[in-house]
Every structure is written in C-alpha cells, then in structure tokens.
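These features come from Swiss-Prot:
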type	residues	note
TRANSMEM	4-24	transmembrane segment
TRANSMEM	38-58	transmembrane segment
TRANSMEM	68-88	transmembrane segment
TRANSMEM	101-121	transmembrane segment
TRANSMEM	137-157	transmembrane segment
TRANSMEM	175-195	transmembrane segment
TRANSMEM	214-234	transmembrane segment
TRANSMEM	259-279	transmembrane segment
TRANSMEM	290-310	transmembrane segment
TRANSMEM	323-343	transmembrane segment
Amino acid sequence: MSNAITMGIFWHLIGAASAACFYAPFKKVKKWSWETMWSVGGIVSWIILPWAISALLLPNFWAYYSSFSLSTLLPVFLFGAMWGIGNINYGLTMRYLGMSMGIGIAIGITLIVGTLMTPIINGNFDVLINTEGGRMTLLGVLVALIGVGIVTRAGQLKERKMGIKAEEFNLKKGLVLAVMCGIFSAGMSFAMNAAKPMHEAAAALGVDPLYVALPSYVVIMGGGAIINLGFCFIRLAKVKDLSLKADFSLAKPLIIHNVLLSVLGGLMWYLQFFFYAWGHARIPAQYDYISWMLHMSFYVLCGGIVGLVLKEWNNAGRRPVTVLSLGCVVIIVAANIVGIGMAN
C-alpha cells in the first residue's frame, strides 16, 4: 500500500473522529432550543468556515465562482440540499427507531448508495467488476457493511441491557425515514463527484492538492444550509414553545457559554469534511468513490470508540462490549482490504 493511500485512509479516519465527537459540545448547551443551537453551529460550519477558508485559498474569490456556468453549479448545490434533507431525517429516524437501529439502517444505506452509485453514474462500475483492484475494493465495502451491522447489533444489546427505548417507537414510519435518510445523506458523496470541475479549476489556480475540494464546500454546504436553517427558522417561527428571542434573553454569561459551545460544535462538524477533502485528495482518482465508504464506516468505528471512552457502555455488560469490539475490528479490516485494492 503506497504512502499516499495510507495517508488518505488516515485523514478520513481523522475526519470521521471529528464527526463522531462534534455533538459533545452541543450536549453542554443549556436552556436553548435545539433549533437555536443547531442554527448557531450550522451558520459557523456551513457558511462562515467554508467562505472564510475559500477566501484564504483562492487568489480571486468572486472570479473563481463566476467562472462556472449554472449547469455546473446547480447539481453541486442541489446534491448539497439533498444531503441537507438527509441530515434533518437523521434526527427523526432516531426518534422512531432508537439510536442503534436508526444509525445502523441509515448509515448502512448511505454507505452503499453513496459509495456504489457514483461509479455507476460515471459508467465505471464494470471496471470494479473486471479488475482485481476493483473487486478488492468492493469486497472491502461489503466487509465494512458487515462491520456496521455488528456495531449496530452491539448497540441493540446495550439498549436492551440498559432499558433504553426509542422516544416514539414506530417501525413502519422509522424504516421509511431511515431509508430516506440513507439515500438523501449520500447527496454529499454525489456533490463531491459533481464538483470535480470546481476541484480541477482550483488546482489550475495553484491551490494545494490537499485543499482543492474546499472551495466547492461553499456551494455544497450552501445547499445543505438552506435546508437545515430553513427547517430550524420555520420551527422557531411557528412552534409556540420555541422562541429565538427567549433563547437570547437569558443571562449574558449563559448566552456566551451557549454560543461558544455551539461554535465549537460547528467547528468540529466542519473539520470532518475538511479532513475528508484531505483524504479524498490522496485516494487514486479511479477509486475516489471509496472516500464515502471510508468516512461512513470510520464514523461508526469512532462513534463506538468514543462511547467506550466516555463510559457510555459501562453498565451494558460484557457481551455488548465484546460485540462492539468485534465490529470495530471488522471495520478496520475493511479499510485495509480497500487500501490493498486501491494499491492494485
């Protein structure tokens, strides 16, 4: 396995670790509605940081974006909006199925759809079937899916042992939302594929290869921001129990506390895709679809490890932890299989 591929896998791991940890600061926000908290963090992660970093990277910010036709920018934006819809559905999936089943189904579907649809759309799927390296990467995707399933099973055992239930369990509604979440969340993978002309243009301007994907986030995350912020603002305006004014009428120290934590959560959320871009840059072009598989499977891996570190599994008993550990090992094996496949 080449150093470039190894570093690509490593950066995807770092990005996934940030994704697994980003919600921790949000959990410490006090007396704010979820909508206010999510909006503050989202403005940082989806608008301020993408724009600021792109302004630093590009020699002429406005000239870069104005050089693209609407036919280039619109698919990137719409796939970003598609991802935004998946993001909203994620929370609803957890409500109706519970954390473990919801995450397992949603992540499993988005891993398959986001990974395999890209080469199908690009007409390259036959290369995966007819080459040794392609078959190895497909095997890695299958093994990763098995790993996600094992971790999901561990979560179910933990919830059963600790008496944790879904907020409003509804299997039919939950499954529909989980499938929608999985499909729509893959929009980020499709957006990165559609944004290749933007990456190439950034490279032509002399932007370092590690950073060429970052300017496209202005458009991708702009699409996601409209969906997420629109959802939050509509609820803040229409739901009687929610009030943006009330949330910002608290004691000044508490407002500062909440803003800083929300900003930190937004920063950590953005960093997952900052390092995703680094990892994506190191993956061979013919296997760039694997970036999504690495990100999603490592997200599950890191989520399990973070749960152990935070002692969330302390009262779950030995069996759930053993199953979780097995799932994590399987995901690590999957990453190595994919790495070997890409090297071939």
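Placed from the backbone N, Cα and C atoms, the Cβ positions cover glycine too.
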Who are the long-range neighbours of the transmembrane segment (137-157) in its own chain, taking Cβ under 8 Å and residues 6 or more past its ends?
-> 99-101, 103-105, 107-108, 111-112, 115-116, 128-129, 287, 290, 293, 296-297, 300-301, 303-304, 316-317, 319-321, 323-324, 326-331, 333-339, 341-342
The transmembrane segment (175-195) and the transmembrane segment (290-310): do they have three or more Cβ pairs under 8 Å, with pairs 6 or more apart in sequence?
-> yes
So are the transmembrane segment (4-24) and the transmembrane segment (259-279) touching or not, going by 3+ C-beta pairs under 8 A with a sequence gap of 6 or more?
-> yes
Of the listed stretches (38-58, 175-195, 259-279, 323-343), which one yields the highest count of Cβ-Cβ distances below 8 Å with the transmembrane segment (68-88)?
-> 175-195
The transmembrane segment (38-58): which same-chain residues, six or more beyond its ends, come within Cβ distance under 8 Å?
-> 26, 64, 202, 205, 207, 211, 214-215, 217-218, 221-222, 224-225, 228-229, 232-233, 236, 258-259, 262-263, 265-267, 269-270, 274
